[in-house]
Amino acid sequence: MLPSFHAYVGEQSHLAHLQNYQSRSNTFSMSSSLRQELLNQHTLSMASLNPDDTNYVLGVPQEVDSYHTLCPLEPLDTPTDQAQRTFGYITTCYKAINSKDGLLYVLRRVHGFRLVNAKSMVIVDQWKKISHSNLVSLREVFTSKAFGDNSLVFVYDYHPGAETLLSRHFSGPDSTLPVNADGSLAFPAPNRAGMPGANRGGSRHGLMPERLIWSYIIQLSSALRAIHSAGLPCRMIDPSKILLIGNSRLRINGCGIFDILSFDPSNSSNAMIPHFQQEDLTSLGKLVLALASCYSLQSIQREHIQQSLEYVAMNYSSDLKNLVIYLLSNQMTTHLKSVNDIMPMIGARFYTQLEAAQVKCDVMEGELAKEMENGRLLRLLTKLGVVNERPELGMDPSWSETGDRYLLKLFRDHVFHQVTDAGTPVVDLSHVVTCLNKLDAGSPEKICLMSRDEQSVLVVSYRDLHNCLESAFNEVLSSSLS
């Protein structure tokens with residue numbers, strides 16, 4: 001039983017019947033939305049400084065340690081207040097290329113920081129060992145004077161196109177809720193359809209879909225579980241430091257920075273870890289509460305928390321309310337909170353998240369299968385292009401017009417240069433793809449080839465043409481290496 005590689009398989013049936021999967025209009029290449037997303041990522045990855053912009057060029061060194069081609073990811077002249085509040089130092093992010101492996105990384109520079117204790121590098125080694133799908137991995141930390149001062153540089157993986165939760169959900173003119181005369185927040189009236197906890201749309205000053213909130217909770221708690229299991233605190237559950245990739249993929253960014261900046265060799269390194277881990281869970285509770293309270297950071301201010309919890313109780317499930325209450329509670333005097341304790345509250349929603357991830361894997365595999373076919377045909381066309389119409393090889397000017405090469409020339413005309421009886425060109429993609437697939441597979445099917453003057457007619461199999469192509473290409477390849 002032999003496979004028929006000359007036929008295009010097409011998409012799988014389980015993908016064709018998926019809801020919200022619109023691929024039937026383009027079965028030969030990846031979907032236009034995915035292609036545009038990847039092109040945007042490639043565009044951002046290839047972005048570089050404009051050499052005419054002296055304000056930027058003069059402030060950016062050509063090389064920092066083993067990294068070059070630095071490109072700022074945020075304005076250089078006006079460091080954001082958020083960055084100063086988060087770390088206590090001015091920080092700047094750059095995209096750069098590592099000269100050792102040629103890959104893109106993010107350099108987060110801490111301005112004017114002198115590393116006085118090399119023992120803190122032990123913490124860096126601990127962070128480098130953590131690899132998680134919801135964490136931006138820390139690769140290395142070094143000091144540098146390339147910026148004209150004593151700077152500490154943290155190197156992280158680069159994720160093009162990522163934006164922060166702050167910019168996606170908590171920015172813009174509608175990010176502030178009105179305040180009533182008594183000082184309480186004026187939450188919008190819920191548009192419920194007769195039952196509490198019903199999920200509605202996620203527009204500004206509206207309810208965020210509960211399904212999306214649980215997706216965020218599962219991803220962030222999974223990352224915290226990995227970090228806490230390694231004996232480290234995260235200290236980065238902040239909307240400005242959580243990256244959103246695509247529609248719902250989260251990665252915690254900037255991990256390890258606080259550990260280095262606040263390193264104190266005089267204190268026991270493990271004494272404050274439980275305290276910071278408890279703060280991680282509290283920060284997670286505040287983030288969930290802010291998302292569920294109409295995307296408002298005002299809702300997590302001390303004087304508004306109780307009102308926000310009441311709003312969540314009216315509009316979301318009891319599990320979500322209980323999770324927020326648990327994360328915000330202070331249980332240091334009884335027993336320490338644990339990220340594992342919220343798993344019963346997540347419950348069966350974990351399976352929904354797992355199913356969504358597996359469906360996305362199926363979709364991506366389907367898109368990859370299309371491009372695998374295209375890549376195979378590209379390699380075949382490359383070989384034909386190398387052989388056809390070659391002026392000479394080995395001092396033989398008629399090399400491409402004789403022997404096996406002549407058959408390949410006739411085959412090229414058969415595939416690409418057909419005309420109707422009236423002399424009109426025939427442009428048929430299915431004919432081209434079918435012929436090339438049969439050639440690549442070496443099908444035993446016979447084909448009739450005719451010269452342009454119609455004086456020569458040859459009947460040959462695709463298998464013979466396949467062998468001719470391989471032989472001719474290898475001959476050119478051997479000549480290029482000699």
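Any Cβ shown, glycine's included, is placed from N, Cα and C.
Annotated features, as they stand in TrEMBL:
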- R108, D157, Y158, H159, P160, G161, A162, E163, T164, S240, K241: ATP binding site (BINDING)
- 348-386: coiled coil (COILED)
- 339-475: domain 'Pan3 C-terminal knob' (DOMAIN)
- 387-482: region 'Knob domain' (REGION)
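Here the features listed in TrEMBL are painted onto the structure.
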residue: R108; record: ATP binding site; Cβ within 10 Å: 21
residue: Y158; record: ATP binding site; Cβ within 10 Å: 19
residue: P160; record: ATP binding site; Cβ within 10 Å: 17
residue: A162; record: ATP binding site; Cβ within 10 Å: 20
residue: T164; record: ATP binding site; Cβ within 10 Å: 18
residue: K241; record: ATP binding site; Cβ within 10 Å: 23
- Message: Using a Cβ cut-off under 8 Å, which residues of the same chain at least 6 positions beyond either end of the coiled coil (348-386) come close to it?
- Response: 8-9, 11-12, 14-15, 18, 21, 23, 27-31, 34, 211, 214-215, 218, 408, 412, 433, 436-437, 439-440, 469-470, 473, 476
- Item | Rounded mean pLDDT for the residues that make up the coiled coil (348-386) | 89
- Taking the residues R108, D157, Y158, H159, P160, G161, A162, E163, T164, S240, K241, which the record names as binding ATP, find the longest CA to CA distance and state it in Å to the nearest whole number. 17
- Which state, by DSSP, holds R108 (ATP binding site): helix, strand or coil? strand
- Task: Count the residues of the domain 'Pan3 C-terminal knob' (339-475) that DSSP assigns to helix (H, G, I), to strand (E, B) and to coil, and report the three numbers in that order.
- Result: 91 helix, 14 strand, 32 coil
- DSSP-derived structure type at T164 (ATP binding site), helix or strand or else coil: strand
